[in-house]
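Everything on this sheet refers to the single structure shown next.
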Amino acid sequence: WVFFSQQFCLLLGSCLGGVFKRTLAQSLLALFASSLAISLVFAIIPLCHNVVVLAVVMAVAGLAMGCIDTISNMQLVKIYQKDSAIFLQALHFFVGFGALLSPLIADPFLSDTNCILANGTANASSNLPHIRKSLVPHHPGNLSHYDLPMKGMVVTRVSYAFWIMALINLPVPIAVFFLLYKERMVPCFNGSSHPLLSADELALETRPGDKDELSSAAQRAHVAAGHEDLFSCCQSKNFRGASYTYFAVHITGALVLFMTDGIVGEYSGFVYSYAVEEPLSVVHKVAGYLPSLFWGFITLGRLISIPVSYRMKPATMVFINVVGVLITFLLLLIFSSSVVFLFVGTASLGLFLSSTFPSMLAYTEDILQYKGCATTVLVTGAGIGEMVLQLLVGSIIHDRGSYSFLVCGMIFGCLAFTFYALLVFFHRMYPKPSPELDEASPDKAAVPEDTGQYQR
């Protein structure tokens, strides 16, 4: 329930994140509040002595993470548009880098034995390997044979890991606050700093004769550019005059990320359980390296994708990703009894999955000419997929055994490729803008876009 509360609120935060994108001030204030909340949550977690309180605290963290996810992706697409692919790859590189770094920070503070000292601690500690193995979902009955002491003196240093992470994250809200200060958006310091905007942009915002005209132009650009929150996207006024391919691009793009992000969640969550079971029976300590290897190659892949995205189209990158995932799962099924290939396949899968999200986001927004709700819909679809497929695969492994882990991955990979093929088909069917509309679009009209973007 603790992890579910975090995942559910992360999804909710992803849906609500678009609410704060209307002005630069709203986006920066939301980023400041969310990043500061994450530092506070990490500091509070070691003090939670009740599982309900912990669930609430983790829910707040999920809400903040979801808001950051949507706002950061949305603002990069809005600011850089056709050049956003490179910046999205860089953004998601740091996402993977954080996922790789945080377990390494926590590892020195984790105990190999039970953290509660009591009379039976020695026996309980020696039984821990058997207990860990019995925690695999389809052997729940063995748990009653091993008793761990639940009362006694708690000996653990894991709190330090949370406090270190809170300190590491603290420069982020400080940096956002500095940006708010430089943009004169902090009420107490409005007159003392020089803004980051250029003089020309400020002149366009403050010129008296053009104020009303610019305001209406900014509103038109805002409506045309889309990027609404999920609830605004669902309003009927946004559907008027839209072709069926408009909806199809949103849906198929979201379904591709539903599958690929779901694969990331289920593979990182269950590859350890799969490895320690038969026929592989990998030693627990060695199997523990698999999730780190997976996230390590996701991070490496995102780093490689930054220069690659400058040369290669997002559509081509997504094609390579989904085909690579499909081939990797096929080879994992063929060599399912090889421990060596499990490590090779894990690295390969991380590499192919690494750039799927930013490439798909750039590709879909490019199809829609930055006028739809693609960013919000895709972020929400990815969040739902990570939550739902992890739960689904866990239930299937419980009923069918560990081999179904790879079968599920193969099925999800096939579905991701199918949805990508449909997306390409709808892309070809999607109406291209006429030259007149193209000249009037927000990405062609520099003045309305800038004034709308930096509107206070």
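Using the three backbone atoms N, Cα and C, a Cβ is placed for every residue, glycine included.
What TrEMBL says about a protein is an automatic prediction, not a curated fact.
From the options 7-29, 375-397, the stretch TrEMBL describes as transmembrane segment is 375-397. Tallying C-beta pairs under 8 angstroms between the transmembrane segment (403-426) and each of 51-72, 84-105, 286-304, 316-335, 341-363 places 316-335 first.
Long-range contacts of the transmembrane segment (244-264) within the same chain: residues 298, 318, 321-322, 325, 349, 353, 356-357, 360, 363-364, 367-368, 372-374, 377-378, 380-386, 388-390, 409, 412-413, 415-416, 419-420, 422-423, 426-427, 429-431, each at least 6 residues beyond the stretch ends and with a Cβ under 8 Å from a Cβ of the stretch. Beyond the ends of the transmembrane segment (375-397), by six or more residues, the same chain brings 7-8, 10-11, 14-15, 17-18, 66, 69-70, 73-74, 77, 137-138, 227-230, 233, 250, 253-255, 257-266, 269-270, 273-274, 357, 360-361, 364-365, 404-405, 408, 412 to within a C-beta distance below 8 angstroms of the stretch. Among the stretches 160-181, 316-335, 341-363, the one making the largest number of Cβ pairs under 8 Å with the transmembrane segment (84-105) is 341-363.
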